[in-house]
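The next block holds one structure in the form of structure tokens; read it before the comments.
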Amino acid sequence: MSLSNKTVKELRQLLKERYTVEDELTESIALSSMRFKPSQEPEFHALSQSSLLKTKLKQQSSTDIPSYTHVLISKLSCEKITHYAVRGGNIEIMGILMGFTLKDNIVVMDCFNLPVVGTETRVNAQLESYEYMVQYIDEMYNHNDGGDGRDYKGAKLNVVGWFHSHPGYDCWLSNIDIQTQDLNQRFQDPYVAIVVDPLKSLEDKILRMGAFRTIESKSDDNSATSYYELETIIFDSELNRALFETKLNLHCVIEDDESEQISLNRLIDSMKQYSYLMDSKNVRTRIKLATTSERVSNENKKNIDYQNRSTRSQFCLNTQRGDSTETSSFGSMFSGDNTSDVDMEDRNLTQFDSTDTSLCINGEPSIHVNRVERSSRSTDNFHNSKKRMNSNQEKCHDEGNDMLQRNVLETDYARAKNRILASKIKQYERLRFYKDTFTL
């Protein structure tokens, strides 16, 4: 497949049709194309970072406790929170919100994540997390001498809340979240809790985020803590707005060398496993052929032995029949003549005499031998047929397992190969786009 003659549009169509990747390669695209829903109220249309900072500096201190109804969050903070949550995947993440208050609004200017222990449904901040938070704030936000601290035009940033993720189960506060938020509101108010759902945000390409505060509701003698949602407004800097209006409508995908290397390792592992599967199958086939030939040889020996025994028994039977015939004829010589001087009626039988013929006496052992041989042969035939049946069942079972493993390995190989090809074609498509755009 030659790519040198294809245009950028054809390359993108090729990627869309043949190399559609459904995993981590599309996360950066979805994150960059995610839409932030703006507020529809006219009073918030002209919001900007500089106007909020100027209003903060002009604000007079008040002793009245405000009732917070809005959360103003910068686009930078939204992108950071979304990036942390998407990187966490199905595991919950947690972080701290930095900002200030403005009348009945909580303004979030920046944020940072915490090293926490998270699961799919819970996140716990240990002692090391709080130590990291104190050191980070002291290093990044508490420099007033023009050092490495972040400059927000004289406005001092404080901790105004925390954020965490709910992967796949929407934005709300659980019982543990309510207890944590209520404890923080009691000791370091103003404090707000922001919850983000990264999976639904990637699926819908709209930021799923909610801001919440707790309130103590009293009914009769029982007091219970509930929460309410604050309206969230996203603002941006004037510099970012100007850059957004003049930039090219192109989503630059950040290359992840580790994912490409992982796909290459998976491709190599699939090839090794497939080769091992074929070698083991050949070994089993050779062993079965050797076993089958040995069994056939043993059966041939048994057949030859049976034929020899049958021949010997038939020979003995014929011999015995000949002897009995001679004995009968010899007796008739004496009993058939009436002129014999021997009186047959007066003759007394001795203990050695017998009224039975030798044919009946000698015939019984040969019949018994034939019956035993027939029974032995039928038993051997039954065992041989049973062995052949078991062998056929084992053969079908082994063939089914081999086919299943082969299909799985072929699928893994094709998936890893498509990922690598998609990554390379994406790189070539961007280079081709830059060449066509900036070449005179």
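Positions of Cβ are set from backbone N, Cα and C atoms, glycine also.
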Scan 10-23, 164-177, 304-317 against Swiss-Prot and say which stretch is down as motif 'JAMM motif'.
164-177
DSSP state at Asp177 (Zn(2+) binding site), helix/strand/coil
helix
To see if you understand the setup: which same-chain residues, six or more apart in sequence, place their Cβ under 8 Å from that of Asp177 (Zn(2+) binding site)?
His164, Ala193, Val195
Test of understanding: give the count of other CB atoms lying within 10 angstroms of the CB of His166 (Zn(2+) binding site).
24
Three states by DSSP: which one describes His166 (Zn(2+) binding site)?
coil
